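Enquirer: Straight from Swiss-Prot, here's the annotation block:
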- K11, F59, R87, T93, R104, N114: ATP binding site (BINDING)
- H117: active site, pros-phosphohistidine intermediate (ACT_SITE)
Amino acid sequence: MAIERTFSMIKPDATRRNLTGAIIAKLEEAGLRVVASKRVWMSRREAEGFYAVHKDRPFFGELVEFMSSGPTVVQVLEGENAIAKNREVMGATNPANADEGTIRKAFALSIGENSVHGSDAPETAAEEIAYWFSGTEIVG
(Lines of atoms letter the chains of each structure in order from A; the text may use other names.)
(Lines give C-alpha, C1' and ligand atoms only; values in the text may rest on other atoms or scores of the structure.)
Protein backbone atom coordinates (compact mmCIF):
# COMPACT_ATOMS: atom_id res chain seq x y z
CA MET A 1 0.00 0.00 0.00
CA ALA A 2 1.19 3.46 -0.84
CA ILE A 3 1.27 6.38 1.54
CA GLU A 4 -1.06 9.07 0.22
CA ARG A 5 -2.58 12.35 1.29
CA THR A 6 -6.20 13.39 1.42
CA PHE A 7 -8.18 16.47 2.32
CA SER A 8 -10.44 16.49 5.37
CA MET A 9 -12.75 19.18 6.71
CA ILE A 10 -14.57 19.41 10.02
CA LYS A 11 -17.75 21.35 9.25
CA PRO A 12 -19.45 24.17 11.20
CA ASP A 13 -22.03 21.90 12.86
CA ALA A 14 -19.19 19.97 14.50
CA THR A 15 -16.95 22.92 15.42
CA ARG A 16 -19.98 24.65 16.93
CA ARG A 17 -20.40 21.67 19.28
CA ASN A 18 -16.68 21.48 20.17
CA LEU A 19 -16.18 18.11 18.44
CA THR A 20 -12.90 18.95 16.70
CA GLY A 21 -10.74 16.96 19.12
CA ALA A 22 -13.05 13.94 19.15
CA ILE A 23 -13.13 13.83 15.34
CA ILE A 24 -9.37 14.18 15.00
CA ALA A 25 -8.94 11.39 17.58
CA LYS A 26 -11.07 9.05 15.43
CA LEU A 27 -8.99 9.90 12.37
CA GLU A 28 -5.73 9.31 14.22
CA GLU A 29 -7.01 6.05 15.75
CA ALA A 30 -7.59 4.86 12.17
CA GLY A 31 -3.90 5.43 11.39
CA LEU A 32 -4.24 8.79 9.65
CA ARG A 33 -1.79 11.54 10.53
CA VAL A 34 -2.62 15.25 10.41
CA VAL A 35 0.18 16.92 8.42
CA ALA A 36 -1.53 20.30 7.98
CA SER A 37 -4.43 21.93 9.78
CA LYS A 38 -6.03 25.32 10.18
CA ARG A 39 -9.28 26.73 11.47
CA VAL A 40 -11.00 28.99 8.94
CA TRP A 41 -14.31 30.79 8.69
CA MET A 42 -15.17 30.50 5.01
CA SER A 43 -16.47 33.52 3.19
CA ARG A 44 -19.38 32.94 0.81
CA ARG A 45 -16.92 33.36 -2.06
CA GLU A 46 -14.58 30.69 -0.65
CA ALA A 47 -17.49 28.29 -0.09
CA GLU A 48 -18.79 28.90 -3.63
CA GLY A 49 -15.32 28.28 -5.03
CA PHE A 50 -14.65 25.17 -2.99
CA TYR A 51 -18.03 23.62 -3.84
CA ALA A 52 -18.15 24.93 -7.44
CA VAL A 53 -18.62 21.36 -8.70
CA HIS A 54 -22.12 21.51 -7.15
CA LYS A 55 -23.09 24.96 -8.47
CA ASP A 56 -25.92 23.63 -10.65
CA ARG A 57 -27.36 21.36 -7.96
CA PRO A 58 -30.53 22.42 -6.11
CA PHE A 59 -28.80 22.33 -2.71
CA PHE A 60 -25.90 24.63 -3.68
CA GLY A 61 -27.23 27.82 -2.05
CA GLU A 62 -28.04 26.04 1.19
CA LEU A 63 -24.61 24.35 1.18
CA VAL A 64 -22.79 27.67 0.71
CA GLU A 65 -24.89 29.28 3.45
CA PHE A 66 -24.14 26.44 5.88
CA MET A 67 -20.42 26.26 5.11
CA SER A 68 -20.02 30.01 5.66
CA SER A 69 -22.08 29.98 8.88
CA GLY A 70 -19.21 29.21 11.25
CA PRO A 71 -15.64 27.98 11.58
CA THR A 72 -14.37 24.87 9.85
CA VAL A 73 -11.13 22.97 10.37
CA VAL A 74 -9.40 22.15 7.09
CA GLN A 75 -6.75 19.43 7.20
CA VAL A 76 -4.40 17.33 5.17
CA LEU A 77 -4.27 13.72 6.32
CA GLU A 78 -1.54 11.26 5.43
CA GLY A 79 -1.40 7.50 5.66
CA GLU A 80 -1.68 4.21 3.82
CA ASN A 81 -4.72 4.34 1.55
CA ALA A 82 -5.61 7.68 3.19
CA ILE A 83 -8.48 8.56 0.85
CA ALA A 84 -10.36 5.28 1.30
CA LYS A 85 -9.52 5.08 5.00
CA ASN A 86 -10.79 8.61 5.67
CA ARG A 87 -14.03 7.90 3.80
CA GLU A 88 -14.49 4.69 5.78
CA VAL A 89 -13.97 6.48 9.11
CA MET A 90 -16.33 9.31 8.08
CA GLY A 91 -19.17 6.94 7.20
CA ALA A 92 -22.05 7.36 4.76
CA THR A 93 -23.08 10.91 3.82
CA ASN A 94 -26.49 10.29 5.34
CA PRO A 95 -25.87 9.55 9.03
CA ALA A 96 -28.95 7.30 9.09
CA ASN A 97 -27.04 4.97 6.75
CA ALA A 98 -23.65 5.29 8.47
CA ASP A 99 -22.08 2.31 10.21
CA GLU A 100 -21.64 2.25 13.98
CA GLY A 101 -18.29 3.66 15.03
CA THR A 102 -18.06 6.16 12.17
CA ILE A 103 -17.79 9.91 12.65
CA ARG A 104 -21.12 10.61 11.00
CA LYS A 105 -22.97 7.95 12.99
CA ALA A 106 -21.54 9.39 16.21
CA PHE A 107 -21.75 13.12 15.52
CA ALA A 108 -23.76 14.12 12.42
CA LEU A 109 -27.08 15.89 12.94
CA SER A 110 -28.51 15.36 9.44
CA ILE A 111 -27.53 14.69 5.84
CA GLY A 112 -26.73 18.41 5.50
CA GLU A 113 -25.07 18.88 8.87
CA ASN A 114 -22.97 15.74 8.64
CA SER A 115 -19.89 17.03 10.50
CA VAL A 116 -17.14 16.17 8.00
CA HIS A 117 -16.06 16.31 4.37
CA GLY A 118 -13.38 14.19 2.73
CA SER A 119 -11.93 13.86 -0.75
CA ASP A 120 -13.27 11.02 -2.87
CA ALA A 121 -10.35 10.46 -5.28
CA PRO A 122 -6.66 11.35 -5.73
CA GLU A 123 -7.51 14.13 -8.20
CA THR A 124 -10.04 15.80 -5.91
CA ALA A 125 -7.70 15.39 -2.94
CA ALA A 126 -4.98 17.27 -4.83
CA GLU A 127 -7.41 20.03 -5.86
CA GLU A 128 -8.95 20.40 -2.42
CA ILE A 129 -5.58 20.43 -0.66
CA ALA A 130 -4.29 23.09 -3.07
CA TYR A 131 -7.42 25.20 -2.50
CA TRP A 132 -6.59 25.66 1.19
CA PHE A 133 -2.86 24.99 1.62
CA SER A 134 0.44 26.03 0.09
CA GLY A 135 3.16 23.40 -0.11
CA THR A 136 5.09 25.00 2.76
CA GLU A 137 2.10 24.63 5.10
CA ILE A 138 2.12 20.84 4.79
CA VAL A 139 4.70 19.46 7.16
CA GLY A 140 4.78 15.79 7.83
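Yeah, the Cβs are placed from backbone N, Cα and C, and that goes for glycine too.
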Enquirer: Rank the recorded positions K11, R87, H117 by the number of other Cβ atoms within 10 Å of each Cβ and report the first-ranked residue.
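Expert: The residue with the densest Cβ neighbourhood is K11.
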Enquirer: Tell me the coarse DSSP state (helix, strand, coil) of R87 (ATP binding site).
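Expert: Helix, per DSSP.
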Enquirer: Tally every other Cβ atom lying within 10 Å of the Cβ atom of R104 (ATP binding site).
Expert: 22
Enquirer: Enumerate same-chain residues with a sequence separation of six or more from F59 (ATP binding site) and a Cβ-Cβ distance below 8 A; give 'none' if the list is empty.
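Expert: Result: G112.
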Enquirer: Out of T93, N114, which has the highest number of nearby Cβ atoms, where nearby means within 10 Å of its Cβ, if these are the binding-site residues?
Expert: N114
Enquirer: How far apart, in Å, are the two Cα atoms that lie farthest from each other among K11, F59, R87, T93, R104, N114, the residues recorded as binding ATP?
Expert: 22
Enquirer: How big is the Cα-to-Cα gap, in Å, between K11 (ATP binding site) and the residue listed as 'active site, pros-phosphohistidine intermediate'?
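Expert: Here the two Cα atoms are 7 Å apart.
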